[in-house]
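What TrEMBL annotates here:
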- A:Glu32, A:Pro33, A:Asn34, A:His38, A:Ile39, A:Gly40, A:His41, A:Ala42, A:Lys43, A:Ser44, A:Thr228, A:Arg258, A:Leu259: ATP binding site (BINDING)
- A:Asp64, A:Tyr209: L-glutamine binding site (BINDING)
- A:25-329: domain 'Glutamyl/glutaminyl-tRNA synthetase class Ib catalytic' (DOMAIN)
- A:337-434: domain 'Glutamyl/glutaminyl-tRNA synthetase class Ib anti-codon binding' (DOMAIN)
- A:452-525: domain 'tRNA synthetases class I (E and Q) anti-codon binding' (DOMAIN)
- A:31-41: motif ''HIGH' region' (MOTIF)
- A:265-269: motif ''KMSKS' region' (MOTIF)
Amino acid sequence: MDTPRSNFLKTQIQADLDAGRSDCVVTRFPPEPNGFLHIGHAKSISVNFGLAAEFGGQCHLRFDDTNPEKENQIFIDAIQEDLRWLGYEWHGEVRFASSYFEQLYQWALVLIDAGNAYVCDLDAEEARAYRGTLTEPGKDSPYRGRTTAENRDLFQRMRAGEFADGACVLRAKIDMASPNINLRDPILYRVRHATHHQTGDDWPIYPTYDFAHGQEDAIEGITHSICTLEFEDHRPLYDWLIEHLPVPHRPRQIEFARLNTSYTVTSKRKLKLLVDSGTVDGWDDPRMPTVAGMRRRGYPPAAIRHFCEEVGTSRSDGMVDMAMLEHAVRGHLNETAPRAFCVLRPLKVVLTNVDETSVLRIANHPSDESLGHREVPFGPELWIDSDDFRESANKKYKRLVIGKRVRLRGAYVIEADRCDTDKAGTVTTVYCRVIENTLGEDPGDGVKPKGVIHWVASHGAATAELRLYDRLFNDANPGRAEELLSVVNTDSLATIVDAVIEESLTNAEPEQVFQFEREGYFVADRHAHSNATPVFNLTIGLRDTWGGGNG
RNA sequence: UGGGGUGUCGCCAAGUGGCAAGGCACCGGGUUUUGAUCCCGGCAUUCGCAGGUUCGAAUCCUGCCACCCCAGCCA
């Protein structure tokens, strides 16, 4: 269903295939297990898994776990769950950079033996000073001239745990005057006496991203290592390491622009701030752009995948309109969500010429009969939305007005005669008459109803809690704000505790999405919903093109 | 003012010398027992700017301009 579209990644991979530089396509999604997946990751996942699928190749899931102090098993589990939920299946076992630590260590020795790496005792601050600046070249470290034997001995002792954290590092010997700062003798290993979630206390030293990533790709036979633009400057180093090491395969790194979506932030620090400040309910709050958040919000995984594909893949920075994601969500839900009735602001209607209850059979979807029908109780007293009634209104108002007719969706046409109001002037009850023979037919007298409204019979109803979500930020580009919390939309959540739902909805399963007719799509909350205490989250409202403000 | 990138409709984005796809948004009109969906139609004489090459340029050349990334023992 997703129309294949051209992008530079496909073009270049096809060129590699045609030229014989590659004979298959193997990609990988390499998250560091230090946080939850978000919409940006979903894009990367879509790109990597999509490319593999399109070219008949495979995509690996590899945890880039080279920094134990920031990582956690919790994220390893959560990421796998999110990936599966999104609908992707990685090839083979889950991989870990940490399972290549011994090989990486051996290759570091190869670099040392060839005079391409050395142990440097400069501390972090000194190293920064020696590195130079963007416009000035760096200076050689005083330890750059150590002999191969000395470097080998020192590095082996680093590995043996003889040095304290930060005491020394292993560096590649490239060029301290390179205009590309990544080539100014980059650090390959650092000493870190930390327990690793996978390797325990086996290692007192850990490879850096630069030393690990390309080699991991080579080990796994990754043909195309797709990453984001900020790694472009690292490519020369990526290639340098591959060239100087006896790796079994030569992967190619290609960068693309990360996805930015309006009205959202994806920085780990900022997402954490939202959680820690209590602005949201947690990492899976329905307003969060995390995969878990979108799941709890009721976004179909297929819609997220479709959106990632529709948005395209390029090398130019930009910000995609959130409306595009919402369009994808509505599109999928319109086709798949069963319809049901829910009255958000209950107003009592008494049908003065009805005195018996009955049951109506109503289609669950206006155009897809496979979704079947449901039985909906009908009777002399019902609830309609208070917004759907006015004592008087102009002809643009297509709902219930005294002296006028409206159709009860799936049921009869009624006409309002009068209403009761309390001392504040608020309407409390509307008295109407059912027009004879209007079930499935227009009134015989030719007077057509002004519109169609939804309803729930009071004798066949239940109460539900509704959580109405709106965008989390007032600023389209919240990531740019100096103070993130100053641009949060304080009205991003409105709770209705006494909405009225038709009784069939009490059988909803957590995570099941419905379209509450004329209102929007709602999902039974993963955590709070139960048949006894129904709780629905607003996934997304129906598109509202009603220009008229009054009536 | 070092290096690396990017500039095509309000937002994404195809296009790779032959006469500007598509989607989102928006604006009209039609259908409709959801003011939804669906359907039809409109929406860049112009591709950051200025020159040049060519019969012909968004695509090639030159020079500008704007924006993004890089000085973690993070990834």
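Placed from the backbone N, Cα and C atoms, the Cβ positions cover glycine too.
All features noted in TrEMBL, drawn onto the structure.
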residue: A:Glu32; record: ATP binding site; DSSP (3 states): coil
residue: A:Ile39; record: ATP binding site; DSSP (3 states): helix
residue: A:Asp64; record: L-glutamine binding site; DSSP (3 states): coil
residue: A:Tyr209; record: L-glutamine binding site; DSSP (3 states): helix
residue: A:Thr228; record: ATP binding site; DSSP (3 states): strand
residue: A:Leu259; record: ATP binding site; DSSP (3 states): coil
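Listed in sequence order, the residues of the same chain lying 6 or more apart from A:His41 (ATP binding site) and placing their CB within less than 8 Å of its CB are A:Pro31, A:Val291. Take the CB of A:Lys43 (ATP binding site) and look out to 10 A: across all protein chains shown you find 25 other CB atoms. Looking only at other Cβ atoms within 10 Å, the busiest spot among the binding-site residues A:Glu32, A:Asp64 turns out to be A:Asp64. Counting in whole angstrom, A:Tyr209 (L-glutamine binding site) lies 10 from A:Glu32 (ATP binding site) by their C-alpha atoms.
If you take the CA of A:Asp64 (L-glutamine binding site) and look 10 A around it, the binding-site residues you hit from A:Glu32, A:Ile39, A:Lys43, A:Thr228 are A:Glu32. Under DSSP, residues within the domain 'tRNA synthetases class I (E and Q) anti-codon binding' (A:452-525) fall into helix, strand and coil as 15 helix, 34 strand, 25 coil. Its Cβ placed at the centre, A:Tyr209 (L-glutamine binding site) has 16 other Cβ atoms within 10 Å.
Taking the domain 'tRNA synthetases class I (E and Q) anti-codon binding' (A:452-525) as a whole, pLDDT averages 97 in the prediction. Taking DSSP states H, G and I as helix and E and B as strand, the motif ''KMSKS' region' (A:265-269) has 2 helix, 0 strand, 3 coil. Helix, strand and coil counts from DSSP across the domain 'Glutamyl/glutaminyl-tRNA synthetase class Ib anti-codon binding' (A:337-434) read 6 helix, 53 strand, 39 coil. The Cβ of A:Asn34 (ATP binding site) has 16 other Cβ atoms within 10 Å, all protein chains considered. Over all protein chains present, the Cβ of A:Leu259 (ATP binding site) has 24 other Cβ atoms lying within 10 Å. Look at the binding-site residues A:Ile39, A:Thr228 and count other Cβ atoms within 10 Å of each Cβ; A:Thr228 has the fewest.
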